[in-house]
């Protein structure tokens, strides 16, 4: 079978690229060996959010008295929590399948192997099929990176893939890696009564995020019961009497902590199975230009396999760019306004530079912060922990970064992304009329504070 575009990988980058290419009038094939939606929909973004929502509801029910509501003792049914997650994933996978069919995309269910830049071999249950294509889009994604440390192959040592299918809440868990995935699982498990310990190799968590925002998050997780060790290097994992023992060093001293489960959350590595013949992959991923073109003519690469920022929304944006260029429509990918989100409680989200990076590049900057304690909506909801911070260039008021920690931060950050994408100034953002009472007002208020003219909060 001959196609104008073949997309290898059906994750948030691949299936979006396939849909966009079809909308551009091209004959498209999509090759996917597992469930449609990739890591994001099946083993990442969506299932974790479903589980985290259950944790939020449980946490809220335990605070019902604060709202004048008496509730009987709240209990956790882990099987139903995980079953709900599975149901949501199944429904969304079916939705993606419907979109593929509606856009008249041929779906090949099997492992794809690139023979040449214009030829792909698909190993399906029914046999092997060879398809040809004018353009090829690589969207093979990533897989959990597991460092070569003794004991990482022991039963009970898991990655995020296995953690999503535990079906039960362990009594204790050691999480190796304090990145986004590690922090989200820490909040999830600790909320349900699992004793969580995080071991992080770096001196500080989330170096790209705002330092004060991270402090608010860490403080909240510590109050919940999570224990943190930073500047700590894991040396081995061993069997203990009734658990697993993780040994780690801080400076020259060796420590030991035990957990029923050990979650390895040390990042993700590009998945290059099936595309080795192209010899495109380097240590950090496949190099591409702004049009998502690789060094091989007619071959594009998008998403996690490219390296860099491994986020579903980045993959989708890159997929659209690649598809349009494959169709002869000039399109470029820009990475100067990419939001990052952490779905803990409180949530953390940011776009652009943090204070340190802004000072290093621009020298003189303005910084303003509006606390949710001064927000009427946040107070009414009983969620006043956190703030909105805006960083801008001093002379012209160009917005350099927006950082939010607090209720619905991951939704609110979109306004910061829009402002930065449209090169809005601080004054323009401050003069946008926001509905009252809303959490989004905090962004407008933060802009006023940054200008030195706070309305509902006066900076000291």
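The backbone N, Cα and C atoms fix where each Cβ goes, and this holds for glycine too.
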From candidates 95, 98, 267, 274, TrEMBL puts in the same NAD(+) site as 177, 178, 179, 180, 181, 182, 183, 184, 200 the residue 267
Which state, by DSSP, holds residue 304 (FAD binding site): helix, strand or coil? helix
Counting only residues 6+ apart in the same chain, whose Cβ is under 8 Å from the Cβ of residue 436 (active site, proton acceptor)? 376
DSSP-derived class (H/G/I helix, E/B strand, else coil) of residue 200 (NAD(+) binding site): coil
Site of maximum Cβ density within 10 Å, from binding-site residues 112, 177, 179: 112
Residue among recorded positions 40, 45, 200 with Cα closest to the Cα of residue 142 (FAD binding site): 40
Look at the binding-site residues 200, 304 and tell me which residue has the greatest number of other C-beta atoms within 10 angstroms of its C-beta. 304
Binding-site residues listed as 140, 142, least Cβ neighbours within 10 Å: 142
